[in-house]
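Read the structure below first, then the notes.
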């Protein structure tokens, strides 16, 4: 993020734009947004990062910055003086002396002979061919690179002995403009190419515009245009650049081993894949001028700008004649290029081109062209969403041709039933705005103040030390998992193919290396059961660890693991069980202990008998979601004397990790020390799943008596992670004619995977959130299915997000059957305090704390909401190809308080060290604990801020704080704070008599340092430990919130833009409003990913196939709400809670269902327009990807529309 905005600032400063207001840069807000569009963040929801970037911009609206929420209002409004001043001259750039040194090294770099690092740097094509002709050249062990960004898509299959860097060859960096066109060297960066094309004719500018949506700014700055083209020629690479250049009539110059050739780009693509010695030299793009030339490009991708490969891309160039306003333009010549739809490379639709030449564009002509195109665009077998991709190609052609015709209701122009004036500015380019309304409380200061997150400066500067940042100990080795690709098979053998990487293998650790007395365990909890570390002798799911490669570097270990050849046998084994349906058929279940099982409410049969209407068979499915923490699973194990071992690990469960490692090694728990300073994102994934890496490193280190560390690559992490529980719910519901619910029965199947993990808790969590409405009576049959899949684990808001969404799906179904407004049905069935107590028992709390009805009314019953809903109706009435929807969703979220330890120690200099059982995973735990410590000791030191600076929360250590429990469930922060407050109370009791005695003698307040010095002299114990246990009568409480989201869908592509989201959340008396705001925004955006684009897909064997950033798309800056508003309300005080605070980490994720529900409303509007006979009640599962949205709107909407126009024209002709 920092480098992205830095790069944008430097680029802006170099422009010739007028000087900005002092203290700001030349950067614009729009440029700031685009600068970080390819960056990923799972924690913040991007809004605070975006605000920070925009604060540099000269055109920023200070009132629109989120940090303005924490400035005092009224007498102290937003002021630029509160922002750090920016000065371009003061920006730290790469030192000149280092630049000179590097240039000198490059100048002296060897050509014919490699340097010590194995790199060659030819300075000409001739020198390059000298290297090719060398005896040592072997394309399997030598890699030719310019920037090597392609390695992000196609990972290296093996190690390389040598590298040849061709970036320094002048012939590859040529830029030649002429009246004929532009010739660009293959090694020119994509960013430079954009710059060149931007200063040109309309065709060139369109090319530049499209290229600016490819990859992300930092990839474009490095990646070369030639590298992109050559990769598309050699591999099935879905290149946008090639498609655009193909349509523009580009030619390429290549150098083979024997000659130089000039080919059209189409000819080049059709050739067999180039060998390693064939070099792409230049690309020439002709200048088409602007007279009678129309050039358009299109792409459909999960993100508009945020580094996402297209489902389909296209580029069309046409030479026309005639006048559009009369009979329409005549197409003299045309080129139609399509790519990324499931073919090896971009192709031209020549049959369609030939058909269109010489024709005037009309509805019948477009319809016939579309029919021809559907025969031309044929995705290859195995391509995902093939029908959707064909439909996209049709949509792109329709959009282009409609603009050339007359009165054809072009998607890019106006339609007969109302002008689409709203679409002049693409929603993708709308600026992101936000508003935060927070309530501050000084009663317990510094608790309640929005102080800066502890460690923020260290994290922002890159100085924070995570597990993988710990310097490698002497003789350290590295590990990587070898995993099964078969869901149920005997492991006969594991060997390695002959390769450079396999030569680096030191050893392979497997189940046979578990010490005598140890157990094959990788995770587990005593009450629920364990999961094996190794699949031995049978692999029980695809992705299961069957061995650990040990090598001298992490890269060697990664590469060596790829060389593993596993021999399987399925003899005498049953076929794998992979789905919920399979598990139910085979009675394959994981037991749920009665203590964890949810209980039914009321009499279902009686409730159904009271119903005026019944839905007897409804269904909804929810798929999985990957955690996508920034730091993958990682651990470092260091063996010690006397069979002891220390493991530094990224974990949410230090205590359980300690237990499992000890059980694995067969040693006492006190021989294992687990240390976790901070975690680079958890979301539940650093819980049970995190212990596997710790166990693997510990076992290898214990056996080899050397330190061993492991940092999983993203692919392995995604394959082994398990993720969120897929669910399938079938329901029967009864209701009155006025919408009052009388009874609900749910048959719920949950795919738990192979081992229990924490899955037995999921049924109760799911039902808890489902109970947010008064169903009258509630019954259910829940099957926790055991399958041959990676065991599913808790992911932020586990079970609750599924249960809450299932409730919304049922409510929407009921409203649809009744023909009622969904919000009316929602409001009618919100709980009264009496029904809340019936459904939630003691968790319901006292009546004044029940805030959901007020929150929902504040949003859904407001005049603003009614006005917006009417505006949506008007928009839909005047827009054929874009439809909007708006929805308001309430949530309840039950959380559990847990026993938690805390320790506060005051050192001789007055500084304070604090230990808690919880781990800092980015949620601000340590920040709130610091505040609580200063508050707890505040009676001894009136200056709380000064005391705050003396507090340090130290790392979690399983031998220092026992019974630490786990970090999760959203209540770790408040529980830890209460434990610390109790410890502080003990210290205050000890120190207060000394303080009073000193004050009595001096008659003045006693300085903190004097008090501590005197206490030391008096041998007062300055360390206090507390173990807080919640009141048995108040172990659980409920969180409330609601959200309104408004979306716009593109009927032609299925793309969704979230125009606005308004969140109102009851945060109680917030312990830190800034931290809680970050939690609310981050959770909501993570939920948006779950409900929309995050497709954690597997193959037929259950092996994850969307296993990296190339295929798995979390939200980015360009997919969050364009207007993102958050408001906290402070509900009635409740002294049973910790200083009346409430949880904020997980509940807001459920609010993202409002986006899904708004999408359903928009789709319903599209179905009304295009599918008159189709039902307006339809099943819409999770996630609702672009392909799903398009399919629900209708894959054939273009054909339907054209047929209606053709029929209307024919009828008019007959009447005439």
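Backbone N, Cα and C define each Cβ position, glycine as well.
Listed in TrEMBL:
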type: BINDING; residues: 41, 43; note: [2Fe-2S] cluster binding site
type: DOMAIN; residues: 112-304; note: domain 'FAD-binding PCMH-type'
type: BINDING; residues: 240, 280, 299; note: FAD binding site
type: BINDING; residues: 652, 683, 796, 969; note: Mo-molybdopterin binding site
type: ACT_SITE; residues: 1146; note: active site, proton acceptor
Handout entry: Mean per-residue pLDDT computed across the domain 'FAD-binding PCMH-type' (112-304)
Key = 94
Problem - Proximal residue to residue 41 ([2Fe-2S] cluster binding site) among recorded positions 240, 652, 683, 1146 (C-alpha distance) - result: 683
Handout entry: Candidates 43, 652, 683, 969, 1146 (recorded positions) - the one closest to residue 280 (FAD binding site) by CA
Key = 43
Exercise for the section: Can you tell me which binding-site residues out of 43, 240, 299 are within 10 A of residue 683 (Mo-molybdopterin binding site) by Cα, answering none if there aren't any? Expected result: 43
Practice task
Round to a whole number and give the Cα-to-Cα distance in Å for the pair residue 240 (FAD binding site) and residue 43 ([2Fe-2S] cluster binding site).
Solution key: 30
Exercise for the section: Please work out the number of neighbouring Cβ atoms within 10 Å of the Cβ of residue 652 (Mo-molybdopterin binding site), leaving out its own Cβ. Expected result: 28
Fill in the blank from the handout: Taking every pair from 652, 683, 796, 969 (the record's Mo-molybdopterin binders), the biggest C-alpha distance in Å rounds to 13
Completion exercise
By Cα geometry, the one of the recorded positions (299, 652, 1146) nearest residue 43 ([2Fe-2S] cluster binding site) is 1146
Practice task
State the count of C-beta atoms found within 10 angstroms of the C-beta of residue 969 (Mo-molybdopterin binding site), not counting that atom itself.
Solution key: 20
Handout entry: Shell list (Mo-molybdopterin; ref centroid = CB of 652, 683, 796, 969; cutoff 8 A)
Key = 682, 684, 685, 687, 794, 795, 798, 921, 967, 968, 970, 1145, 1146
Handout entry: Residue pair residue 652 (Mo-molybdopterin binding site), residue 299 (FAD binding site) - Cα distance, angstrom, rounded
Key = 41
Exercise for the section: May I ask for the distance between residue 1146 (active site, proton acceptor) and residue 796 (Mo-molybdopterin binding site), taken between their Cα atoms and rounded to an integer number of Å? Expected result: 6
Practice task
Whole-number Å only: compute the distance from the Cα of residue 796 (Mo-molybdopterin binding site) to the Cα of residue 299 (FAD binding site).
Solution key: 33
